[in-house]
Amino acid sequence: MAPKTLLLLPILTPLTFAWGSNQDLYIRDAVQDLDPYAVEAALRRRALIARQSQIVKAKRNAGRMVLSRQINARSPKAMPEPEPVAEADPEDHPFQQYDAGLFRRDGSVIPRDPYANPTAEAVTDPEAWFEGGELHAKRERILEAKRAVLREKRKRSFFAKKAELAKREAEAEAAANANPEAVAEAEAAVEAEVNVEKRETGSWFSWMKFCPLSRTLSTTPRRSYADVVDISSIPPTPIFHFSETESLMAESVSKFANEVIAPKVREMDEAEAMDPTIVEQLFEQGLMGIEIPEEYGGAGMNFTAAIVGIEELARVDPSVSVLCDVHNTLVNTAILKYGTEKSRKMWLPKLASQTVGSFCLSEPVSGSDAFALKTKAERTSNGYKISGSKMWITNSMEAGLFIVFANLDPSKGYKGITAFVVGKEAKGFSIAKKEKKLGIRASSTCVVNFDDVEIDGDQLLGKEGEGYKYAIGILNEGRIGIAAQMTGLALGTWENAAKYVWNDRKQFGQLVGEFQGMQHQLAQAYTEIAAARCLVYNAARKKEAGEDFVRDAAMAKLYASQVAGKVSGLAVEWMGGMGFVRDGIAEKMFRDSKIGAIYEGTSNIQLTTIAKLLQKEYTN
């Protein structure tokens, strides 16, 4: 038996009660699955039983003391030492041992087996008992009878459940024999579910430079312990809790960001350009295909893992984070959700390994009113022709693939908007003015022109006239990514400033961080960051669960951008002169934070979205 199995046996014993030969079966299942909820429930049940036992023993000891005093009052003369009596072996009895005994005249206790008949001494030797001893013995016999009834009920309950389970299995086997096609379909569904679980928790990041893991995590489906454990004792699920895979993701990306990206942050900000080697290493680390399935060359991980990576990158440089964010949550998502199998095979392997993606929606006259598009598309004999300009396009200098939204039928208004996939090498495609920005300077933002760009019919993304729906759905997911970028920025800024005021900066003969006023500001800021992270990861989990997450995404982006602006501004003040000069990162993070309230929906747009959804929910 494995060491961890031996350690878990005393924890899981309360789950098995006294079910004879079936005890090993339940212990083995629980240990194999290592279900944290079952283990936690076992611990709680064990603690509860121990506490109840302590209370019972305390009451009995108090009663014995009272009786002993009464006996001593009646018989003040010295009494001989009681003869030793062997205690009952607890191994002979599977249930909790009750410390119940009978009293001699001197107040000493005669230990006995609580489940056996009263001892001969209790019945045949009345001289050994004080007045009322027979009543006490009768009470013990009644308690023993009740315990026997309880044991019988538990025994019958177990065998009844066992019989019911056997009956269900027999019925299921009979149904399976009668309908083999349904069985095959069910087996296929289970296999698909296991494959999904394997992609999320299975073979992971063996290609990671800083976290080489050539192993496979358990893909065994969790069994239900509803028949073994009181469900009310199962601990509640935290708002957000990282799985082992997601935690390893955070550690690996953090190490990569601090060792590879951090030394180049100031240089890239001054040059207002992304270092090409950083982009190459993002692909090498697998961070540009986090959600892309393994069959297309990606990591095959979940949405939360992508959010974790975006946040960890932003703690060091939001410019690199937004490149990864747009590529994963907008471009990859668009092709995964709306592309045909042919387009997926054509584009996803490139997006996972070498080609940066860009999302072209905004135009000079369509910012928050994103669907007031002027870019047009026309059908041709070979496919489509696109004409127009796009503005504020992130990743445009580095990208080789663009998701472009154009109106195929202006007479239908926004219902004519259609999505296309356009390569950088297309004739008529050009990148014009590169914007000089306040923050995230290393991230390229340019004007992109389409002068009668002709594309094949296969480059249509989804269906004609459905582009506005695609854009809305994709941007809702993208807002969670921007929110994660802002929480990462806020956390990185806070950590940098906190280390400085608690270790380096001194005023009036002591560290600035030792002043209570500074400590209160640090505590308040960290609390707000933690609250913003809860909103971000709650929205991510709801998106993964297939629940409605639009309002949660809007709240996360709104609040995270507000917290990032507030904390980065305070950090400049906390650090004094060092926060104002470019030698540190405080002033850069302060500049970078401003974009959070603007792109992928301004703060006012988020408030409008939240208010509309609330009004819809609370209007009769």
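Cβ atoms are placed via backbone N, Cα and C, with glycine included.
Keep in mind it's a predicted model, so treat the numbers as computed, not measured.
Record features, source TrEMBL:
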SIGNAL    1-18  signal peptide
DOMAIN    243-354  domain 'Acyl-CoA dehydrogenase/oxidase N-terminal'
DOMAIN    358-453  domain 'Acyl-CoA oxidase/dehydrogenase middle'
DOMAIN    465-612  domain 'Acyl-CoA dehydrogenase/oxidase C-terminal'
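Secondary structure of the domain 'Acyl-CoA oxidase/dehydrogenase middle' (358-453) per DSSP, as helix, strand and coil residue counts: 7 helix, 52 strand, 37 coil.
For the domain 'Acyl-CoA dehydrogenase/oxidase C-terminal' (465-612), the DSSP counts in helix, strand and coil order read 120 helix, 4 strand, 24 coil. Helix, strand and coil residue tallies for the domain 'Acyl-CoA dehydrogenase/oxidase N-terminal' (243-354), in that order: 86 helix, 0 strand, 26 coil [DSSP].
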